[in-house]
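Okay, so here's the structure we're looking at.
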Amino acid sequence: MAIMTTTSSLAFQPVLERIAEEIERTPGRGRPADYIPALAACDPRRFGMAVAELDGTVYGVGDWRQPFSTQSITKVFTLALDLAREGDSLWEHVGREPSGNPFNSLVQLEYESGIPRNPFINAGALVVTDRLHTRTGDAAGELLAFLRSESGNPALGFDQEVAASESAHGARNAALAHFMASYGNIDNPVPVLLDQYFRQCSVAASCADLARATTFLARHGIRSDGSRLLSRSQAKQVNAIMLTCGTYDAAGDFAYRVGLPGKSGVGGGVIAVVPGRCTLCVWSPGLDERGNSVAGVAALDRFTTLTGLSVF
Ligand code: GLN
């Protein structure tokens, strides 16, 4: 039975503390991503978790104020920023189906004529960043400005070491971009796009920052200043794609265990949305073989089980 019989905010802190204690006792945390050398040195025992209410009040535990590498979590924000500008024509260039393949897979692209399955695998995110860059002239800068304003943290920035490390080991993302360019699905020169994409992935932010920055999705598209970024329907669509595609080829298991729209990154962070109620961000750098944080998913699983807060 859920321990929070009401959804009173004050009840969040004890729930977070209980989860942190349980995680602390759990052996086996997975391994940090090693294909990006700058991430490989992270200690897998680090753990932080934050919950943000719709008004931006944040509760947290552990390393919840420690900045980490956001990586693919940023794909949610670039999707929202591009969708807000171009609307449904985006879907002529990227699909909305789970891929059932690893996040950096090339195989489906040839069968499906250079149209990636969804915006959250790397190929799809490259398309979204390309389109946002065409519209704004600075996709990564647009993303950073949005994250700074929604998190209320003007100090957020790119981690140059992570961006350089990814660029130096970016052959697979370069292959994805060139391959899609051969189908006419990329507008900008590939080196320009890759620079934008690697900077986007390198943003360093904490659980508190990301939980706050995600609240527009729990507020059905309304930003922290009360202006609207996405229509109610578009916010629903982004949440739906997070649920079905946000954790790659583990999205079915994530829905089964957590029951919330979520998005992971290989830095070990995961964000999740309880529409109309709150947002969450959890960080622990040890990953499973699909690139999702082991302790992060376990903590979200415990949160929805203990509170009963889920979309199901
Ligand atoms: N920057 C990483 C990459 O392109 C992002 C992947 C991820 O977080 N899943 O490989």
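Keep in mind that glycine also has a Cβ here, set from the backbone N, Cα and C atoms.
Residues or ranges marked as substrate binding site by TrEMBL: Ser72, Asn122, Glu166, Asn173, Tyr197, Tyr248, Val266. Taking Cβ-Cβ distances under 8 Å and a sequence separation of 6 or more, the neighbours of Val266 (substrate binding site) in its chain are Ala33, Ile36, Leu39, Ser69, Gln71, Ser72, Leu287, Gly291.
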For ligand 1, pick out the binding-site residues Ser72, Asn173, Tyr197, Tyr248 that have a CB under 6 angstroms away from one of its atoms.
Ser72, Asn173
For Glu166 (substrate binding site), write down the residues of its own chain that are at least 6 apart in sequence and whose Cβ falls under 8 Å from its Cβ; none is a fine answer.
Ile36, Ala38, Asn173, Phe198, Cys201, Ser202
Substrate binding residues Ser72, Asn122, Glu166, Asn173, Tyr197, Tyr248, Val266: largest Cα-Cα distance, in Å and rounded to whole number:
20
Quiz question: given the binding-site residues Tyr197, Tyr248, which has the greatest number of C-beta atoms lying within 10 angstroms of its own C-beta?
Tyr197
